[in-house]
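The next block holds one structure in the form of structure tokens; read it before the comments.
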């Protein structure tokens, strides 16, 4: 047995060999198994040596067989240690390929057809070499058919006629003949004759001409569908006057869209009907239901409105025979793009005439013998009169006659042909029997309708056939010659019903021939490009199957179609009833219209697809739409597309298997180039289809096509896209339609569909929405429409979202009608909701099953919306799939229910550790990670790369310490560190600098005096001596109290920040009392504040409460506060109002020395340095709100020394105190630092400053204030008020006397210029985006990022690190989120990765003096090396002395062993093992950076980067995520989201969300967006999404909690657990991490 380990092996392989040897020795492996696996490892190493840049697999080869590689780059301008290189042989492979770094996971392109036409590429594909002889066989373009100069117009020179000339002819020869009839929804008929039509049009033209408009000016035609006669008059009036018409109406466009059309076209004239004008006058706002006066709108004020209903006729036109100019542009129709954008289709005269001529030829070619009572041509001459009245055809139009196909083939085609058009309201078709009776009544010859309209008519008829008959009369359809049905795809079921169950049953002669689906391009003005014709001239069209030449139907293989191949089957056609599952029935539109060139193209490459392959249909002709109004770039792309011959010839030359085949393909391409030159312009139709026997078959629009990975079902009924799993014996991987060699070819023929690696293979398939819709609607009776689209995630994922319209879902109005306040009815409503939810669950489960059975697809989620709420395509009843997607992304879908299915996502794409039962900080993974980082670091050493024996070691993450043993007063050079307490320093200041200013109240005196309720004493410029007298006054009050206090008694000082507050603190310290400073209670949350106060009083056994006059007045004079205060008054000890104490000049502190020693002196043996004197209570964060910090005189002095020495505080720079005056750094700025440094301290009450900030801001501007401590919220408030004041001062400067004003009294934009150090505290990661937004919002105020200093503080240390005076802007690091999950710090270049594929952080600065920070693994207690993150440990003199835990339920103090241990932690390493550290519980890392300061000097800094707290990180499948990153992603999803909290509870990843106040938050849609973004950006699946009401926490809890969710995570989660939060809605998404672990372990076990 060979147990040797070759030394040349990489470290990871050496480790794996060791594991193998140990497994064999432990008898976990047989001899044969050991030898086999050893050989595999060594062979793999040899292969990797030949390909040195191939990454190795995961260390756990049984669990992870996927390739994994990262590219990294520096993201910031700073120079950092070069620790980021490719991990080529890294043994630390925690994550599977599902978590590939952002650099290697390109996003899916926005084009919906990307990678969908794989089989059109020549022979490409066969990466595995199974199809060696694939040859590129491009389809031959269909050329125009020359139909000859057939006289189609009975002697008219149609090719040169204009519509106004034709109208004039009809007026002259058919003046009394009815031109058109309009039937509204109520059945009222309105008609007009040719003479009235012409004369009224002339009247409109006259009105336009006299308005001094220019030729081709844009005229808005504002008419509804029922105003078809008035609309036709206005349109023809525009034609006659040479103007360009632009149809608009509220039935088609919103007001915003109409305003946009007016601006784009620069229209100044509107022709409008009376009905539409009344709509304008009675327009109401949808938000506040107030009347909107559009006439006063700036846009409409410049427009002239002319009502055409009352204009009358222009009789002068009878006398003259005018000559008409043929306008180039007839009208501009604004259609909507798939994404909802307006695009103006320019409809030109020659396009319209060609459409009419072509339709005339086609209808004439289809003339049948039973048409003999009609004339030979459908077009009637206009230059002479035909007496026979029955020769006219009756055209019954149910399409919108004011636009698109209804306008072209209805109104204008009727004018061109001289027949009778009857325009009916579309609502008539929805009534049973309505359409049939009108057809029979008017004996309609030609029906013009929409496929979905006709479908509803037939369904109504089949449900109740008697509705189409009456007792006196039988419906007879023998009059129908053609049924022209506008559509883009043919629903074969509808065709079957229309022909055989409607037309034929009701007497239509030759129904299959009459029914003619017409391929119309609604997005391009409604022109038609194909319909079944009998024009012949098909000699140049290719024949694929002569047996199917006369057939209009095809049966094609469904599985081949998924790979874009078209395989027809005659057998399936014969046995159509039994071949439904395997073959798809398609119906053709017919041949292209005669004058166009048509080809099928791969839109990705602009190359011809292989013959009988699906692609985008392109057409070329001089008589089709060729312009969008003022959209040049779009025009270039859409209308001037060219075939990429160079690419095709390149394939022929280089990609063919043999020279003979290459030559054959080249010759074929030469032929195509001759018949279709390279400079031919094509129009992209956005239709996906193919050509067979010269006929067009359309499968869908490009927007209705989506891609899916082929899935196989596992034995446990989960799904995977890994087709290699089929080799394990699972035969469901091969669909029925493909077996054996045929299946292999089907899979391998695509280059882009097959994705193969050493352990993975995927095949991408194309699916078409129409087929999905047909299946679901046919099998689920409550579903009526379906939309489906892919999420814009990484390109290989293809996550599908499906939206269904169902009758189970209620609209918003129906839901509101069901609301009630009656208890019984509410219970009943709740029961009904539960039943509805059960039905919804059953519905979505049924859809999931059906989609798998028939299409082998599994959507990621299904949303259920009410019926008729999804947007429809322009001028169609079909769903606008892309618009649905856009509404989904904008959270505008009224989703009532959503259900997810994630099994294949978990198995195929969810990032997870190979060791998903281990923490990334475990001893095992930490060891592997350090070995990997060490190997990387060693490989970048030049000596190592050159073969030298260098073995450099990675540095440990330690800040180093700058220890200051002493601190000296800047003036007297006295050692401040020799004093034992702050009181001794105070006395020294009083004796040496008694007349210098010590403290000052910053409150505006005027503001104080104006308020009768505030009796606080305001002390301005108090000297040291005067301050001592104030302290002495308070000492007298305490000493002489009738209820005496004794040494160590706890007392509470509760007041605003003021001079008297500081004096009271000092007085109590003199008395050796335990001082508990607390902020004043707030009226808004008085109940919670008083509860907290009573809890502290009872826990500490507080003997006295000292308050100022302002708080005393609030408690006693405010009715609301006093009512609440009386409930707790009995629990509160004596309250002393120290503001009432009078200051006497005769008093000094020294006078009380003996009294204090007698009454408050310590007992013998008491260690003063170990006795707490101050308790800091900080309730800002609920996690630590009940943990109170205790400080001794010694610890207070040490903290003051650190602040002074770090900030280099001097006596000549005044201090401003405004924030957090009762604890931490705020307490030190208020009470200690002024005394310690000798600087004057100005104390401001935050509430007063926010009321009137002028004095505070003027002080900052004019005084030499260098350092300022502000909370982020306070900074925002100050900037907001400063901005308002500066704007006010600017307005005042306009006054003439402003020059005389004192500039020191006015606020300038550089108000913060002198403040070099604005300290913003953060307990974890700095909120950099908030600060950036604040600075951007108030950019008028001069404030740079270098002035703002992040302070990293902890509950037990107010100053662990800071950025003060570094003289460099914050250092940006862009971290790879995929590496961060694994515990590794790896930078990326933000320019190289898409937004969201990095985590941006900034440093928290360097450590202060006398502080040592190390980064330690919290599980192993070993120091972390450079390149990984760990827990931040701090050894500092500023650490808290001790703590108390104040239990709110038991009202007592106690110590927690875990927290106690936290104060005296030691590392297990040999380095620094003698030091005791404070464990912060925060994760971060230290990085050495080189950067250039403002003086141009290069400085090296050990910067601390804080990532987040351990309790705010979560582990999912072995990977670590920071909830702050997840929550930021959720908040960025939609502006509706106000607050968000993510936590892990009971194995579930839970997200609590509070939406901003909005009329109708759409929570089902929002949930899906949240789940999608978390999955996309972080690779996590949310399990439960809960929406709380705006006032979501019950009255028993603080409403303020909801305002600051991030600071009150524990309280909110506890309230949720206790069901005290009112839930708006709750969505279950997945089943938790345990299910994912089960699926993964079961899957990997079977794949071993």
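Quick reminder: no glycine exception, Cβ is built from N, Cα and C everywhere.
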Run through 1211, 1565 and tell me the one Swiss-Prot describes as N-linked glycosylation site. 1565
Listed range which Swiss-Prot flags as transmembrane segment, given the options 1140-1160, 1161-1181, 1182-1202, 1224-1244: 1224-1244
Between the ranges 52-73, 74-95, 910-931, Swiss-Prot assigns region 'Disordered' to 52-73
Most crowded position, judged by CB atoms within 10 A, among 644, 1634 as glycosylation sites: 644
Same-chain residues six or more away whose CB lies under 8 A from the CB of residue 1447 (N-linked glycosylation site)? 1099, 1186, 1453, 1454
As a whole number of Å, the Cα atom of residue 917 (N-linked glycosylation site) is distant from the Cα atom of residue 1634 (N-linked glycosylation site) by 10
C-alpha of residue 995 (N-linked glycosylation site) to C-alpha of residue 1488 (N-linked glycosylation site): distance in Å? 48
Across the region 'Fatty acyl-AMP ligase-like domain 2' (950-1648) the predicted model averages a pLDDT of 89
Three states by DSSP: which one describes residue 1447 (N-linked glycosylation site)? strand
Using a 10 Å radius around each Cβ and counting other Cβ atoms from all shown chains, which of the glycosylation sites 917, 995, 1488 yields the largest count? 1488
Residue 1634 (N-linked glycosylation site) to residue 644 (N-linked glycosylation site): how many Å between their Cα atoms? 52
The correct three-state DSSP answer for residue 1488 (N-linked glycosylation site) is strand
